[in-house]
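If you check TrEMBL, you get these features:
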- A:76, A:81, A:117, A:121: [2Fe-2S] cluster binding site (BINDING)
Ligand SMILES: Cc1cc2nc3c(=O)[nH]c(=O)nc-3n(C[C@H](O)[C@H](O)[C@H](O)COP(=O)(O)O)c2cc1C
Ligand code: SF4
Ligand code: SF4
Ligand code: FES
Ligand code: FES
């Protein structure tokens, strides 16, 4: 891992402890997870105890303390998607990838996660693969979308 | 870019921008809101660029990526000006035809217009479409007029004139007076009068004060705040600065959830543009008033939408609520007075200042003034964002704007208020939507999520769904919330699994009562979805518990799939597509589902041709014994 990248992120936020969450978000989006060395660096530079960082990293759902797969599959379980069959979408995604929600497979290909509303409820049910939304997705279309992932 | 340092300079700049706009010049506006982007709007915009270039029309035709006008389900939406033609569901393949027909020959591409499902007539303009016609879009209508990344566009429609007006023609007390007169109530949940919080902060002796935008939008199924902050970020910023002036704050925060990357991008851009032009920073428009603002991304915690938790998160800590006996308006972020309002609340402020409180109160009811934006979603024909005057009935929203329930299904309930709200049945549809009436009916206005449910939605499952949602979202700090939710979920899961016991309904009611002692509104209001479904749909609970039957045929553990031997024509569709290989097929043989292997995925029901309709769901009765082998042949 490139420590200078972490330093850059910290500097971008003027090294302020109040920006801790923002810094962690940037690291998460850079690496897809929060590596231990990165957190140590943040703790040193911001002079924030490691315990507080750990607490934050577990409290907020955006953070992951383990590496994520190359492809992130998010299934929306918001109310609008729920009434339009989100559970069936999730069931199918889990079946196709063999990965349970909240987990990653052993070759780090897929991470599957449920989210509470992606803000395009009019298109429900919605699945998001690597940032790309698939609206009005039918369970029968899921395999072909996921099979396109390398 | 030079800073504008007087109101006159602002008006000069505005005149200059407007004079450069040629109203007769063709303009193609494509909605670049989240919904349309998900349906391929970016590809459509790119196709227009290529096509215009190909025809050598790049300088003669403007193209814009605008905010969401609301009809997301029919996106990508393309508007052609000056005619105001509205094309729906546009695909990149349609673009060459639009350019050659509509732009060059001024002809209309009929098939892309809205078609009335009942009469088959086409609607040329937005204003002819019933979905829009029955709304009052004071705020949302601005979205489609603006390139969401252009401050000039905002200035061209009068942007920042309200700010200029308050800074140079009004005292903070006068601003406060106007907001008080408008009776603007908070759009984010409780409907608390905005002026009261503002006044409390203003009167607090501490000289350091903050104003904050709540764009956490945690209600799953609501997305109006997203549309506003993405589509018209300057209007939120302008409202916030006006609030800061009234309250006497010089610093502000915009708390946006990280799940909305485009909103984060557009509001950051707006702040940069506004700083360059002198609407943010020191000595705004030469008035001597200073104001700076920071964007803070939420890291995914529903409870952080709650005011005290949000403020703790702003300080860079885990967002846990604190007891309410001290108002955040007096002691908020770092213990300084902090005014927190929802995105839509702030969006109303510039309009109230510009058009006056009397104009604002001409919409809505006496207690709930103005308009409200709802996200009308779920089992409804026209899904999207709708803005209506407060006081219209739920029935009007659902039938006139929403176009009723699709697929000939029967309406069952509408859920408002998110996880703190409740379900409203058919019998209450003539209720006017206003803060107080919805609360009386056991629900609440909430932030404006309006989820329509039809006969296929199980109300016990919906209650379980919300409690399950809250189980992950309770911060766990106080016992009544943490334990109450856990126990309620156990009971509801039991009922929806067909293992409910006599007395479970009463147990849920008791648990609900105990949660009144929770620390924050998340815990206190968590029982609402349960209590409201018990109140209006008790028979569904009873059917689950007594008859082991899910009347909506929805609860997976209480249903079975069965192929009607009299109807099966052995087409083999279900056999081929069953992912569990649970169907015994064969040429000219009645198909049979092996109940042991069936995972109840529902595929067979979906794929059985409707002219046969052989697959059915059953609940509360035994599955008929399979047809004996020797009787399976179809003649
Ligand atoms: C658990 C919980 C979550 C909330 N989430 C939001 C939210 O996402 N957005 C919002 O504007 N208000 C939310 N609220 C309401 C806020 O606490 C607060 O009342 C509101 O932002 C004030 O602004 P308003 O008066 O303009 O509505 C939430 C409240 C609770 C208890
Ligand atoms: S009511 Fe629930 S969410 Fe609110 S403070 Fe208590 S445990 Fe946390
Ligand atoms: S419900 Fe699904 S698993 Fe069961 S028989 Fe039908 S297709 Fe197969
Ligand atoms: S509920 Fe799924 S996108 Fe909003
Ligand atoms: S996002 Fe385009 S209409 Fe809503």
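Cβ atoms are placed via backbone N, Cα and C, with glycine included.
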Tell me the Cβ neighbour count for residue A:121 ([2Fe-2S] cluster binding site), meaning other Cβ atoms within 10 Å of its Cβ, over all protein chains shown.
34
For the binding-site residues listed here, A:76, A:117, which shows the highest count of neighbouring CB atoms within 10 A?
A:76
Give the three-state DSSP assignment (helix, strand or coil) for residue A:117 ([2Fe-2S] cluster binding site).
coil
Cβ neighbours of residue A:81 ([2Fe-2S] cluster binding site) where a neighbour is any other Cβ within 10 Å:
32
Residue A:81 ([2Fe-2S] cluster binding site): secondary structure state under DSSP, collapsed to three categories:
helix
